[in-house]
């Protein structure tokens, strides 16, 4: 993830040398001169919000217009450093802000009251689950309508305007309802600073008649946040490192595994520092792929229980000590709760907590500090990696196919692998792409994102839009199943408007394959679309777009050659037609175990 945002927030200071004093709520309160008696016409709430978004690193805002947010959008598009990306629906706007935040460190979206807010809330919940700071801005009712017992449009027909707010309370870390100008400055800054500190989405509702009104609190340019960095309890840190060092140094064959919370803890570099020092084999949990360097000399692959990279699970589960850094153990990552791990062998490091085996536990210890301190204390022990080298057999290659025979999934991903470089990034949709993309070997600098905790099908279309917008120097390669694509297909249109050059592989196998392997039924079969025809209709001769339907390896090789050559500056959409039962072996195993977990009978009462 781009680290520029974090470093900017920690180091930037106001030009006049005044430093902010963080309030209890995390916003920066600054001394200022008395406001002038005449307020400048541009000293408005809308301008302040736009400038604040630019200051924290947002260059693009994903929006769907509605009558309650139109005046606010006027002020956002008037800001030179901010670009409005109009999306086809609110769900995709939220997914785009999610994808944008993954690369840039923060994202923002703007929708209208209730009909827009309740449409985008699924995407905001996903961002919450993935610890992504997304600023969700909603245009709210006119200030004069609050407390009047009036019924407004875009509501459920009750004079209570709090329904949307109540819905957002469980999927955001802070909610601000701005319906007067006196505290608008404080509310906006408190919400944004909280999002950055907590690395979670926030909700900001702004009354539709406020953005254009000048107010003295907006007279000055927004001064960059000076957020107080969190620090570890020194005694707790020393005790945690001592206990972990004793535990690890007496073990014979320890291993280290990276988890998804490395991102929120901003500890990826510290993880590598410890990995370099300790000599242990390095694995990664599936939801942390892309956060741990796969080009490291001791990287052994993905630890995912029964569907791990070959020989990885054997080394991890036979170890006498495993150091899990930022893990999330849920039913999916544990393959239906079937991991062969023992708590008494584990050290679990969370963003602000360390637990050694069955105890002791140390709170107020930041992951980054702990890893860096442990790297200086732990003994180097390459025993488990030497064991790995002894048992390792290089992966086989798929059975060679005739260039004209029907294309197989494993052949397709063999060719996708060859496309990867430091100038590409992979977006994997929920479904069998989880498993096939997990097996890709990422070269240094290659990005990788997927949404495992929330697992909302269709996420990847909006996420591809947002991620590609945030890193125009990378070419995004998205692998999307046909069922997922049908949920959110419209915003291919927005990719074309933004002149993006992503390559989308649409895997057409006739249904919800991941659901088939968990529990099959007629509801998993979908209506087939002419996907390339659909994208051509969306293209409609405007923008750079190229589509191709492929049925065999020869056609796939030709299509990839065109997409990476003659059409390298186009949005390329390649529909890959495969058999409905053609899945990865990992999905077959994973699906049966998740099915077993879902089918457990109730415990006796």
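Quick reminder: no glycine exception, Cβ is built from N, Cα and C everywhere.
These numbers come from a predicted model, not from an experiment.
As annotated by TrEMBL, domain 'Thiamine pyrophosphate enzyme N-terminal TPP-binding' applies to 44-149. Under the heading domain 'Thiamine pyrophosphate enzyme central', TrEMBL lists 241-359. Annotation comment: TrEMBL describes 451-575 as domain 'Thiamine pyrophosphate enzyme TPP-binding'. TrEMBL lists 482, 509, 511 with the feature Mg(2+) binding site.
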Excluding 482, 509, 511 themselves, which residues in that chain have a Cβ inside 8 Å of the centre of the Cβ atoms defining the Mg(2+) site? 481, 483, 507, 508, 510, 512, 513, 526, 580
Helix, strand and coil residues within the domain 'Thiamine pyrophosphate enzyme central' (241-359) as assigned by DSSP: 38 helix, 26 strand, 55 coil
I'd like the per-state residue tally for the domain 'Thiamine pyrophosphate enzyme TPP-binding' (451-575) from DSSP, helix first, then strand, then coil. 58 helix, 27 strand, 40 coil
Have a look at the binding-site residues (482, 511) and report the one with the fewest Cβ neighbours inside 10 Å. 511
Count the residues of the domain 'Thiamine pyrophosphate enzyme N-terminal TPP-binding' (44-149) that DSSP assigns to helix (H, G, I), to strand (E, B) and to coil, and report the three numbers in that order. 51 helix, 22 strand, 33 coil
Within 10 A of the CB of residue 509 (Mg(2+) binding site), the number of other CB atoms across every chain shown is 22
If you average pLDDT over the domain 'Thiamine pyrophosphate enzyme TPP-binding' (451-575), what do you get? 96
